[in-house]
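Data first, discussion second: the structure below is written as structure tokens.
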Amino acid sequence: MAGIFYFALFSCLFGICDAVTGSRVYPANEVTLLDSRSVQGELGWIASPLEGGWEEVSIMDEKNTPIRTYQVCNVMEPSQNNWLRTDWITREGAQRVYIEIKFTLRDCNSLPGVMGTCKETFNLYYYESDNDKERFIRENQFVKIDTIAADESFTQVDIGDRIMKLNTEIRDVGPLSKKGFYLAFQDVGACIALVSVRVFYKKCPLTVRNLAQFPDTITGADTSSLVEVRGSCVNNSEEKDVPKMYCGADGEWLVPIGNCLCNAGHEERSGECQACKIGYYKALSTDATCAKCPPHSYSVWEGATSCTCDRGFFRADNDAASMPCTRPPSAPLNLISNVNETSVNLEWSSPQNTGGRQDISYNVVCKKCGAGDPSKCRPCGSGVHYTPQQNGLKTTKVSITDLLAHTNYTFEIWAVNGVSKYNPNPDQSVSVTVTTNQAAPSSIALVQAKEVTRYSVALAWLEPDRPNGVILEYEVKYYEKDQNERSYRIVRTAARNTDIKGLNPLTSYVFHVRARTAAGYGDFSEPLEVTTNTVPSRIIGDGANSTVLLVSVSGSVVLVVILIAAFVISRRRSKYSKAKQEADEEKHLNQGVRTYVDPFTYEDPNQAVREFAKEIDASCIKIEKVIGVGEFGEVCSGRLKVPGKREICVAIKTLKAGYTDKQRRDFLSEASIMGQFDHPNIIHLEGVVTKCKPVMIITEYMENGSLDAFLRKNDGRFTVIQLVGMLRGIGSGMKYLSDMSYVHRDLAARNILVNSNLVCKVSDFGMSRVLEDDPEAAYTTRGGKIPIRWTAPEAIAYRKFTSASDVWSYGIVMWEVMSYGERPYWDMSNQDVIKAIEEGYRLPPPMDCPIALHQLMLDCWQKERSDRPKFGQIVNMLDKLIRNPNSLKRTGTESSRPNTALLDPSSPEFSAVVSVGDWLQAIKMDRYKDNFTAAGYTTLEAVVHVNQEDLARIGITAITHQNKILSSVQAMRTQMQQMHGRMVPV
């Protein structure tokens, strides 16, 4: 009976050999300790009992490769206890191992007469040991892991049909602590074959995350344990934050923390830090990519941290590596000198070439040259004074004083910037040579009392430092101290000394001396105070009287103290006055209109974002649904809940994944623009999210969406007053932008958003600046083509965008609103629109459009931009219309359907023509005179009722001719209405 069962097992094994001998490729996070299928030769496991229990059997696969299996089938005898033990298995540091068993098992119900003795399970045991040579099975040493049951068992029918029913069970055991272990299989009466046994442990395989390498890491002892592993930065990188990850029990890496950054000169590519390519550089250890060398610089090796400047170009010490290399400026232009006696005023113009820098300043070099040989010049010295200063001038003019008279001077004006010191070149300066005129002498520096008596004082003095010519005489002014110059006397002398006689004894006198040349008198000297005495004595020379000297010196000291005090007080008052003036000026400026700041002028665009937009924590934002797709990514609606404030609905613009630095900069530039605006008719920026992905712009939510779609959806539902109110709101927002010197460039109904209260707000501030800078982009911007139908002709032709071109676009928006979102110029091509505008055609009034509104549209569409109204005037006009609703009741047409012909402002006056022929000749369409006559249109009253179908019917098929005729018809109809008093003036 046992032999029959064995045959059944063998037959089954032959049927499954293909399934167990395929290529043995295991997951990367599993390390195999034992695989019975990979053992060459016999397994040689120990069985107990040695006979009649587990038996090793070899079968051949389809490649004639032997497969070693163990089987047992003692189902006829009760109380079976057959053991099979593996060889010693090293654990290699693993604390938890997994046992994968593949086996087949016979269904006991398919065996006759074995109901009491046949089993369908077997037991799995393990035993830890440091001894790898144990020869016997000691059952009491083993710890049971589990009882293994088959999910599927086979029958005699399966054997006949060669149906594979292979079971696979995996069990784990741990924690393990000894060097190795044994596994054991206990049979208690089953008919079973062990096809394969694999023992393995799990590890988290070597990986690189955030530029940090994490080594192979064996999982922890528990099924829920996490092993913290510190990573090491890859080559050419450094730690920003300590890189760590956790190895999970399933062999998967979890929760990366920290990261490494590529060193300067390297960027991340494919998880590695690779050197910047030639022509690129990276200055700092950041997560940025290598940047192309700035203008006028290059790199000739890989891994450059900065770029070398081209010859003749330099980089200042405080210039960032990202800044272009620059060069010194050229010389100032148009130097003009103006000599006034011994003063010179110099003025000049800025250099033609600033070297590419904004930090330009000017230095003045003064040289005094000999009259006989102008080439022999020497520096002027410290006696010359410059206003406001000699070096570092920010203005283009300077005043130079205290020069010598009748002297040749050469002045050099040097234009310098941050890199001038690297290449001082005479080409950076311009010079002028002047000769000073005659001038009064300078003041006398020192006056002394040589001798003092009861009735006289002997004075002596030095020549002025700058006589500025021949001294003709000196003038001495003196008076009694207590008279305070109310009564003084004058003495003149050609010498540098004089005796003043006839003085009163014991009286204090004050003396002043000045010199005169042919140019006039110089300034008086500082006052000298002397007191006469009763006893003759000499002040200077032999035996000076100590009392008189003390009085004189004391008086001088007191006078000096007084002068210093007066000077300090004067300076304080001057500083206060200046500070007060500056404060007043600052106050005045702050009360003025804010001016828009172009974020593209910032060297670091992120600085503009930080300055004008508020950073919002991403946790405060809840995205609810996608409401549209923009140029940079999806547009969603959601909610914003900032701590301390109520929750509000918001619109969320997201930046799509895989963006470039330029796309991120362009995306956030709109936030930098919106953040500067604060007006009820301008879309409000709530803030930005830049510190995590996705990058987002958060604005207020406008429930009714874009104005054009909203109007089309609600065609005919609003009163004229409501429509004018919408236009007034748009105009008010545009007036605010215009006052801030901001040009929108893309004003259209599609870029106006409407909230639940029908308040219209201007939006979409992302129009590209490339139009101004790139002559090749005549019709192309970053977002696509220029909106020809909304754009002023000078902006199309010359890329000249101004507030006046925005006014043109506003007129188109008015037409869109009054036509309930109809497409401007209908199905005409862009080229036809451009041609029609150039020829003077304009859009006709929409159906039921008040004449006053259409006239305002025509004003906005004046060809000369200076003839168009300002936004402030537009708002005032709309206010008048709203206050006078009767002015909105007269419309330009009584037609029951919209007019689709362009209006020609050059149509002739109705009063100037008397017949259909005259009219056609006036508009240069007299070729169609016979067509009109044949169709019965013989009077002007009949002509004003024709439409496009009528023209086609009488044989006028050219679209441009139809438009021209219908435009003139519309103008005549309007003139006829005016003649009959049907228009109400505003």
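Along the chain as shown, residues are numbered 1 onward.
Including glycine, each Cβ sits where the backbone N, Cα and C put it.
Residues Ile627, Gly628, Val629, Gly630, Glu631, Phe632, Gly633, Glu634, Val635 are recorded by Swiss-Prot as ATP binders, and the candidate that the same record lists for that site, out of Lys653, Lys662, Lys691, is Lys653. The DSSP breakdown of the domain 'Fibronectin type-III 2' (440-537) into helical (H, G, I), extended (E, B) and coil residues amounts to 3 helix, 45 strand, 50 coil. The closest partner of Val635 (ATP binding site) among the glycosylation sites, by CA position, is Asn235; the full candidate set was Asn235, Asn340, Asn408.
Cβ neighbour counts within 10 Å, taken over all protein chains shown, single out Asn408 as the most crowded of the glycosylation sites Asn235, Asn340, Asn408.
Close to the recorded ATP site, the chain also has Cys636, Thr654: residues not among Ile627, Gly628, Val629, Gly630, Glu631, Phe632, Gly633, Glu634, Val635, Lys653 whose Cβ is within 8 Å of the site's Cβ mean position. Non-local contacts of Tyr602 (phosphotyrosine) by the CB criterion (under 8 A, 6+ apart in sequence, same chain) comprise Ala608. The binding-site residues under consideration are Ile627, Val629, Val635. Their Cβ neighbour counts within 10 Å are lowest for Val629. Comment: ATP site residues Ile627, Gly628, Val629, Gly630, Glu631, Phe632, Gly633, Glu634, Val635, Lys653; largest CA to CA distance 14 Å, whole number. A straight line from the CA of Val629 (ATP binding site) to the CA of Asn408 (N-linked glycosylation site) spans 75 Å. Among the modified residues Tyr596, Tyr928, the residue whose Cβ has the fewest other Cβ atoms within 10 Å is Tyr596. The DSSP breakdown of the domain 'SAM' (911-975) into helical (H, G, I), extended (E, B) and coil residues amounts to 45 helix, 0 strand, 20 coil. The closest partner of Asn235 (N-linked glycosylation site) among the binding-site residues, by CA position, is Gly633; the full candidate set was Ile627, Glu631, Gly633.
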